[in-house]
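What follows is one structure encoded as structure tokens, with my remarks underneath.
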Amino acid sequence: KLLNWALFLACSFKSCFGVFFLIHNTRHGPVFTQEPSDSIFPLSTEDKRVFINCRAKGNPPPHYRWTVDGREISTESDPNYSLAEGNLLIKNPHVVNHRGVYQCIATNTFGTIVSRQAKVQFAFLENFSRKSRSIVSVREGQAVVLLCGPPLHYGEIKYSWVFNGRRGFLQQDARRFISQRTGNLYIAKVEALDAGNYTCAVRNMMTNATVFSSPTPVVVRGDAVMGEYEPKIEVQFPDTLRVSKGSSVTLECFALGNPVPSISWRRADGNPLPGKIKINHSTGVLEIPYFRPEDAGVYECVAENSRGLNVARGQLLFQNVEHLQWVHTPKDADIAIGASLQWECKAMGNPRPAYKWLKNGQILPKEGEIYVEAGKLSITRISLSDSGMYQCVAHNEHGSVYASAELKVVASPPDFTLRPVKKSTVVQRGGEAVLECRPYASPRAVTSWWRGGELLKDTERQTVMDDGTLRITNISKFDGGRYTCVARNHFGTSSSTGTLVVKDDVDPTRITVPPLSLDVTTGQSLVLPCGFKNNLIVLLTWSLIGFLQTSVLWVFIMSECIDGTSGDLMVRNIQLKHSGKYVCMVHTEVDTVSAAAALRVTGPPGPPEALAVTDISDTTVQLSWGSGPDNHSPVTMYMVQAKTPFSIGWQTVATVPDSVPGQMMHATVRDLSPWVDYEFRVVAINSIGVGEPSTHTKQIRTKAAVPKVAPVGVSGGGGARGELVITWEPVSEEHQSGEDFGYIVAFRPAGSSTWIQTVLASPDASRYIYKDDSIEPLTLFEVKVGVYNSIGEGQFSRMVRVFSAEEEPSEAPLSIWARAVSASEIEVHWKPIPSGSSRGKILSYEVLFWEEGSRPSEPRRVRIISATTALLSGLKGNTIYLISVRAENSAGFGPGSPAFNITTKKPPPNRPPSNIEWKLTNSKIFLNWEHVKAMENESEVTGYKVVYRQAWNSMTSVLETNKTSMALQIPSGENYLIEIKALTEGGDGSSSGPIRIPKMSS
């Protein structure tokens, strides 16, 4: 057969022509190139069409059918379905009518195959019922659960809640929790401010659609207050949960109680939680990403308040699911009638798969000559009816995989059409003649040779061989003539005739320029010569006898090529697979000669073999391996590479010796991190280049050791009075070196010799607060942070100096005054507090303000940094506000100034300018409008503001006037938009809305 690499045959002679063998496109049954897969389609898109893919190759091209839930789809009777080549198109899909399990069926004259089954679903989200929801009445201090009751939906859903129709969603905290399993809102302890309307919002993450429920009114009764009680865990995770490797699992836990319970997590076996676990302490959610076997176990959620505690627990089980993969599949077979067939298929998976066989899409029955056992299929004494497409299906509870093969049963009478007896065979007298008889027949034909009407039998000079070939030695003139081969089987008889010509004095063919054996490197190109001398018609072939098989490269026919003919072979971009023995063979009617040359291709080494890991310690392992093929260039050195969950791809690691020589098949890998999972591989290098890496080892974990990496970024400061705040950067999981990792925080007053130490048993800790009311503000401490694990204590960080917290400012800001800027804004000014009233730097000021008559316990706040003025906005018009200012340092806020009141200005008129008239004259726009008269509770109109811009531009221009008319000088040739507003001391009035002025001619 032809090879799939670039080969060219060069021919140089006076008159010659070439004929190349071509690969013909054989007829065969269907083979899938694309199969449908499980899919979820969103139904909110504008394009109301869904494609389910299916393509198959075959000769003749296959036609397609589809089934859904085992029922065949009729594209003629159901207008929603149509075919686009093999793909199934669903128009205007319906969430119920068109969901299901789909299967594609491809058929041509050779048989039928079915695709894997694909589950098709549609993501959708219906609207909530518009029915009003009942009022929920609850006492202050009591708990409440608001039910969401989501509408019908499919696809991933996210739940949120809206409070009193405000923009943005309700924020979760230690008191309020939204379950993403049920959508319900849980309030652990109701406060007076919780009264209002609650709306459940449901968002489909695939369609991006959001729907809102009717509001649930919550009334907080003031007639009695709920007493304190112990936590009641209202939201908890299942008792048993199976989790597959690599997936992410989220556990919810939330408790009702008074006081509000705190939520914490732990493992029942006492082992610490892995550092990769993410815990949201405020919302009671624990997430374990990249689940592994060691993450399995019993997890406990602890809800605690001053009245007691409660525990919920559940077990996470590691589920080792391995997806089905083929190890061995059946291959297409062409088998003669009456012969036998054995096929086997084998797949890997967990749970172990079962098998079934299909023929042309139907279950293969066990009957007659057919025997099926698990993944094995046997057919004895094959008949024509056994032809067709066969499929082996491996399946378990997690899915199915399909493998197909075609069985062609060959049954035909002898046929010489493609391989007749050679019409003329020229042989030199005294030589040898070989006449082949190779008809196509199934079953194999019985052959005989005839000359004239005489049946030829074996003699001393002539022999009929087992394959039907007639061989005649020591040829004489009398052997010339016509020879006929007759072939018979039980389907018929056929014959073919050729002539044997005997000649005298024919010069033998000679190869004058034979190819030479060469050593080459991958990527090079070369020409192998083959020059010959003859005076007869020539058939020249090049063949490669490689390591695995013999391949015919080219067949070239030459006629009457005299005076130094040649058939050189060019090989481009040589690769290792091109090594072997190249044979140039020249055939004439009389004789055949050949010449051969060995081509040895040198390249980078192959992958090392049998890589093994032994002698695992905390920082070293021993690696050993076997040598792979050196590809004709000795290995000069080996390079060891490793990969961990913390590395980016494969990294070269340090070894002993530093450079592993090519004759050494082992090395010690050093400088590894303790208690880390590693995979290793080895790469060989020779003078040509770097070879392919070996197969990597299974994941191993180095032994635990005392941690060697101390925390960095140790610092601190700030906090409330009487506190020493110490912070640091947590040590990464890669450098924790063992289980039960934690921190040792040591500190002492500057000048003291005695260290105070505390232990934090959490690998994620990054902050410690030491509280002692006797600590003077800004006391200097010496601080260091160390590490430990189950093996022992590690190093401490370098010592740093940290000040304790400051004292809050002791005085309020002075000389506070304010002015009403408009109906919605007040400008506040003050002088900074004296430097002696705060032991520390003032970080900011906070302005507190509230309406007269409202509760001052919940004022609005504005924080100002490095300034002594603030603008309060979003206020009500003609309203009295009380204002107080206080200073802040790192210890907290100082006392507020005495509250003083100020009234905002009356609001501007609610009515826009009306009866607006305009006209165009000489590039001017003349505007007139009716005066806006203020009501008694509105600010008087002092003038008007005219805002204008070009229609395509967002940049605006503004002119003010105290009249009710204005002339604007505007360039011609543009469209303009104009708005008019009333001006008052309370702010701008309502806009007239945009007035479009069309283009003016120049």
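Positions of Cβ are set from backbone N, Cα and C atoms, glycine also.
The domain 'Ig-like' annotation in TrEMBL covers 36-121, 126-212, 231-312, 338-408, 414-501, 508-594. Per TrEMBL, domain 'Fibronectin type-III' is recorded for 607-705, 707-808, 812-907, 912-1002. According to TrEMBL, the feature signal peptide maps to 1-18.
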DSSP composition of the domain 'Ig-like' (414-501), residue counts helix/strand/coil, works out to 3 helix, 46 strand, 39 coil
Which one of these stretches, 231-312, 338-408, 414-501, has the most C-beta pairs shorter than 8 Å to the domain 'Ig-like' (36-121)?
338-408
Tell me, roughly as an integer, the mean pLDDT over the domain 'Ig-like' (36-121).
90
Can you break down the domain 'Fibronectin type-III' (912-1002) into helix, strand and coil residue counts using DSSP?
0 helix, 49 strand, 42 coil
